[in-house]
Amino acid sequence: MEERTMSDRITLRRFDDMHCHFRIGPIMIDVVPFTARYAGRATVMPNTRPRAILTGKDVIWYRDHLLRLLNGMKLAGMSVLEPLMTIEIRDNTTPKMIVEAKRAGAIAGKVYPLGVTTNSDEGLRDFSGKKILETFRAMQDVGMLLLLHGEIDQERTLVTKREEAFLPTLLWLAERFLDLKIVLEHVSTRSGVQTVERLGKNVAATITVHHLCLTLNDIIGYGVQPHNACNPMPKDFEDRDVLIQAATSGNAKFFLGSDTAPHLREKKECAKGACGVFTAPVLPAVLAEVFERAGKLDRLEDFTSRFGAEFYGLPLNEGTITLVKKEWIVPEQIGGVVPFRAGTKLRWQLLREE
Ligand SMILES: [Zn+2]
């Protein structure tokens, strides 16, 4: 589809948002419609509570749950969003579970190393044991993607160094499983970007909109700002520059995965606040700002709507969305959640359904 860019209006193919947290329960009703406004497909993260998505049965249960909501939205005249289902890979995930999950419709398996982020208390401990390697092999055999939360929590490693500490594991896996599609999720460092660039075409990375905007200063540099806190933590200015460069470069290894991750306000504003940024309500608008500032608006559609689909091996989305240059103020709160850039003015606005 040819992109039509005028100074005050952009029409883009509907997005693939390859990393979304939709949660379970009433909060879904508040958060899912924002993603459905711009995305034709969304990769749905499995680290849900109270029930994590670990098996084919879980996949069917969670997809039914989501489809009930999405079908209701469709009846109300809203756009259709296809959920791309995933399972969480833990130490006890077996090749048989992989085959069953794939049969149930899971497109990918997500690994959370132990203790690095929300709901990773039962995350993977060992990347090199015989059993888990058989599981990765099974993923490769059935054509399931391996999505990595690329951080390791170890002694004497600062939170800002956890991604770098993980990169040898990424290299090790990528060299052993040449036909396994591996995604370094929400890459956040210069070294992460360089590693993905260097590796073969079976390795790609998603980039979030908030990592294109924030540095560590925006979390702890001017008072503690819990609504910007996320994993991996945004880092230095140089890292952010490299991420912007990667996203706008036209390199097909880098595509959108928003990691939109809503937490109720009281879970963020407390002694031990949850990590995660709710970006879905502002995502297309903020991305347009970032790409415009970089002078690369013409590359936006490849990043949001082409490279992810190509890496996953999916046809491109049908349908379009349109952004217009019209200022608006981001609401302070949506369904009990404080969205990214709350209360600030944005230049681009997503038009309602076409
Ligand atoms: Zn995530």
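Just so it is clear, glycine is given a Cβ too, placed from its N, Cα and C backbone atoms.
According to TrEMBL, the protein carries these features:
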{"type": "BINDING", "residues": "His19, His21, Lys110, Asp259", "note": "Zn(2+) 1 binding site"}
{"type": "BINDING", "residues": "His21, Phe22, Arg23, Asn47, His149, His263", "note": "substrate binding site"}
{"type": "MOD_RES", "residues": "Lys110", "note": "N6-carboxylysine"}
{"type": "BINDING", "residues": "Lys110, His149, His186", "note": "Zn(2+) 2 binding site"}
{"type": "ACT_SITE", "residues": "Asp259", "note": "active site"}
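For the recorded Zn(2+) 1 site, residues His19, His21, Lys110, Asp259 set the reference point as the centre of their Cβ atoms, and the other residues of that chain within 8 Å of it by Cβ are Cys20, Thr43, Met45, Leu147, Glu185, His186, Gly257, Ala261. Taking the C-alpha atom of Lys110 (Zn(2+) 1 binding site) as reference, the shortest distance to any of the binding-site residues Phe22, Arg23, His149, His263 belongs to His149. For the recorded site, His149 (substrate binding site), the DSSP three-state label reads coil.
The maximal spread of the substrate binding site, taken as the longest Cα to Cα distance among His21, Phe22, Arg23, Asn47, His149, His263, is 19 Å. Checked against His149 (substrate binding site) by C-alpha proximity, the binding-site residues His19, His21, His186, Asp259 yield His186 as the nearest.
Checking each of the binding-site residues Asn47, His186, His263 against His19 (Zn(2+) 1 binding site) by C-alpha distance, the shortest gap belongs to His186. In this structure, Asp259 are the binding-site residues from Phe22, Arg23, Lys110, His149, Asp259, His263 whose C-beta falls under 6 Å of some atom of ligand 1. Taking CA atoms as the reference points, Asp259 (Zn(2+) 1 binding site) and Arg23 (substrate binding site) are 12 Å apart. When the binding-site residues Arg23, Lys110, His186 are compared by the number of other C-beta atoms lying within 10 angstroms of their own C-beta, Arg23 comes out lowest. Its Cβ placed at the centre, Asp259 (Zn(2+) 1 binding site) has 27 other Cβ atoms within 10 Å. Between the CA atoms of Phe22 (substrate binding site) and His186 (Zn(2+) 2 binding site) there is a gap of 17 Å.
Across the fold, the C-alpha of His263 (substrate binding site) and the C-alpha of His186 (Zn(2+) 2 binding site) stand 18 Å from each other.
Packing around His19 (Zn(2+) 1 binding site) is summarised by its Cβ count: 26 other Cβ atoms lie within 10 angstroms of its Cβ, all protein chains included. Spacing of Arg23 (substrate binding site) relative to His186 (Zn(2+) 2 binding site) is 18 Å (Cα to Cα, whole number). Shown are the binding-site residues His21, His149, His263; the one with the most C-beta atoms within 10 angstroms of its own C-beta is His149.
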